[in-house]
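Here TrEMBL flags 8-258 as domain 'Thiolase N-terminal'. The feature active site, acyl-thioester intermediate is assigned by TrEMBL to CYS94. For 270-389, the entry in TrEMBL reads domain 'Thiolase C-terminal'. If you look up TrEMBL, you'll see HIS346, CYS377 marked as active site, proton acceptor.
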Amino acid sequence: MPREVRDVVFVDGVRTPFGKAGGMYANTRADDLVIRCIRELMRRNPQLPPEKVEEVAIAATTQIGDQGLTIGRTAALLAGLPKTVPGFAIDRMCAGAMTAVTTVASGIAMGAYDVAIAGGVEHMGRHPMGEGVDPNPRIVAEKLVDPSALVMGSTAENLHDRVPHITKERTDAFALASQQKTAKAYANGKLQGDLVPVAVRDPEAGWGLASVDEAPRDTSMEKLAGLKTPFRPHGKVTAGNAAGLNDGATAALLVAEETARELGLPVGMRLVSFGFVGVEPEVMGVGPIPSTEKALRIAGLSIDDIGLFELNEAFAVQVLAFLDHFGIADDDPRVNPWGGAIAIGHPLASSGVRLMTQLARQFAEHPEVRYGLTAMCIGIGMGGTVIWENPHWEGGDK
């Protein structure tokens with residue numbers, strides 16, 4: 001029998017402040033970061049009975065230790081959701097949380113459930129990227145990929161080789177702008193509404209409260225120019241024009257639009273389309289270009305229809321390659337208006353929902369914008385893009 005595909009909405013999203021790997025969360029468990037986010041979602045939306053949650057999907061790239069044991073299920077139990085609420089773990093490296101969202105959204109659209117929580121966590125201080133991994137030797141021996149494909153910074157250097165017009169000076173300027181936009185966003189109170197304070201313990205200082213991101217820092221073009229290029233002698237990729245190694249968690253509430261109306265839940269965004277693609281692993285940073293083209297094609301839109309962009313800044317060069325491909329200026333105010341991962345941080349599997357929570361807040365401030373997108377490059381050669389519609393749209397230009 002024919003099935004009706006339902007509209008899916010992003011109701012709310014939260015995240016912990018992002019810490020430096022081994023920094024303020026050195027003595028905090030990864031699963032406790034997720035639990036804090038789930039509990040905060042429920043606290044902020046009291047009109048949602050806990051028993052109405054029908055799925056919890058939590059992503060982690062390194063699924064061992066306190067990021068293992070089917071973390072979606074265990075975090076749901078530890079957060080106090082009813083035992084009847086199922087959960088699962090998911091992995092698509094950097095796009096883990098993004099994939100958690102699109103996976104549960106697909107289930108909602110098909111009628112498998114009405115309400116779900118999706119998010120991600122990465123505690124890179126406890127579990128460095130690649131910990132416990134045993135790559136099949138055939139991957140390199142049979143030349144399925146170049147060995148550089150397994151080192152994300154090397155893939156960014158490879159991308160520089162492909163797009164030589166993107167200079168180090170340009171990537172440093174983009175990185176500086178990201179830091180400046182994030183500082184301004186904090187000063188104007190733009191980011192604080194997404195953050196869930198976390199109690200943290202320091203063996204010497206005792207208990208404290210993590211309430212802001214740890215990674216943002218003052219810098220300058222002169223300081224950025226002097227940083228080492230660890231992935232290649234005389235290269236272009238540095239710690240200053242790339243996202244750092246970070247710890248943090250995110251969670252979002254996805255609901256069938258009709259259910260949101262019934263429960264009186266706010267609608268932050270409406271899902272339009274999404275697309276994931278594979279690309280050459282050696283230049284994984286190009287991934288968001290074809291994934292965006294795919295998502296636009298599915299939605300019947302063009303890049304000119306997009307009024308806001310939240311692009312994950314894994315490396316400045318990959319964002320700039322995206323902007324160049326679509327003819328968008330480096331300083332276009334539609335792009336990452338509150339800064340990005342170069343400043344805020346990129347705890348791998350959690351970042352997709354950070355992009356979404358920021359876009360939802362920007363939609364509320366820009367009723368003239370109808371469509372926005374979240375996009376990111378993904379390790380081992382992939383890209384992911386999700387297009388959203390602004391429920392506050394008042395019939396403006398974009």
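Cβ atoms here come from the backbone N, Cα and C positions, even for glycine.
Source: prediction; values computed, not measured.
Features as recorded by TrEMBL, highlighted on the structure.
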residue	record	DSSP class
CYS94	active site, acyl-thioester intermediate	helix
HIS346	active site, proton acceptor	coil
CYS377	active site, proton acceptor	strand
Nearest-integer angstrom distance between the alpha carbons (Cα) of CYS94 (active site, acyl-thioester intermediate) and CYS377 (active site, proton acceptor)
7
Other CB atoms, at most 10 A from the CB of HIS346 (active site, proton acceptor)
26
Over all shown protein chains, what is the count of other CB atoms within 10 A of the CB belonging to CYS94 (active site, acyl-thioester intermediate)?
34
CB contacts for CYS377 (active site, proton acceptor) [other CB atoms within 10 A, all chains]
33
Model confidence over the domain 'Thiolase C-terminal' (270-389) (mean pLDDT, whole number)
99
The DSSP breakdown of the domain 'Thiolase C-terminal' (270-389) into helix, strand and coil residues is 53 helix, 33 strand, 34 coil
